[in-house]
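Quick notes on the structure that follows.
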Amino acid sequence: MSLPSASQSQWRLKYVSLGVLVLQTTSLVLTMRYSRTLLGEGPRYLASSAVVSAELLKILTCLLLVFYDHSFSVRALNRVLNEEILNKPMETLKLAIPSGIYTLQNNLLYVALSNLDAATYQVTYQLKILTTALFSVSMLGKRLGLYQWLSLLILMTGIALVQWPTESLGGPSSTPLSAGSQLVGVIAVLIACFSSGFAGVYFEKILKETKQSVWVRNIQLGLFGLVFGLIGVFVYDGERVRESGVFQGYNSLTWTVVALQALGGLVIAAVIKYADNILKGFATSLSIILSTLISYFWLKDFDPTSVFFLGAMLVIAATFLYGYEGKRPAINHSKV
């Protein structure tokens, strides 16, 4: 039985957005990690400043997309912004909660990458898949089948095996991390996992309850993120900003990280709109495997083991298991 053209279009958007998310997440992990460990002349760029720059770029991109959707009409763009943002203050204020949490989360991930090795960071951060599933059940009223719960368990096991820490090869640039710095990193990742799960599901609930454009929603989200981010810059890095400016330490690699982070927000919004948060988590998990493969074949800093291959197979199996279960319950459309 062939699907209607609308369903086929929805199916394409869903999996194209997931594919782009895998590529974007992989690139972001590699470039962000490299940018935070690269030794260069002058001060290192401020993580809080990079978060603000990404929010600003996301707002500008969404404005262009809304402009495009309305046939490049300035009058239509102005009307949409007034009607959907200025004239609906309560609807706009709803986005302050996930926006503030996302801003905190983005800053926490920079803290985590500065205090944890890549394996520990990536394994721990996958707890966001479980928190997202729990928040989806409690906030959206989703009912996960036995296979879906089993797939979550298999996924967590697979990711843990793929990223299981091995003995360091002791490269010349490796430096031991103190127990204190590792504790700071772990706490940062754990808070980010819970904030990611809650904010993602909260945003999904808002998107699916209204017919408002996902790009307009992202403009609203970005405006609050910009405000919260600027507060963070001047509260935590105010002295350094006064000394060397907001864009200190910026180079082409920094701007690449900023652009990838801004793109990530837009792709995730599309995934939430056309798929769901748990499926987004699986796409992110697959990107970790891709990042590990690139680390081995290109960066030459990873030695694969049989445990890695076992974990990779478990993640792939879990992905198919979740998708298989997700196709079946298409009858219950109760409102949340």
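Each residue, glycine too, has its Cβ placed from N, Cα and C.
Remember, TrEMBL labels are computer predictions, not curated facts.
What TrEMBL records for 12-34, 46-68, 144-164, 184-203, 215-235, 255-275, 282-299, 305-324 is transmembrane segment.
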Selection from 46-68, 144-164, 184-203, the stretch that has most Cβ pairs under 8 A to the transmembrane segment (215-235): 46-68
Residues of the parent chain within Cβ reach of the transmembrane segment (46-68), under 8 Å, 6 or more residues beyond its termini: 74, 77, 80-81, 103, 106-107, 110-111, 114, 213, 215-216, 218-219, 222-223, 225-226, 229-230, 232-233, 236-237, 240-241, 246-249, 254-255, 257-259, 261-262, 265-266
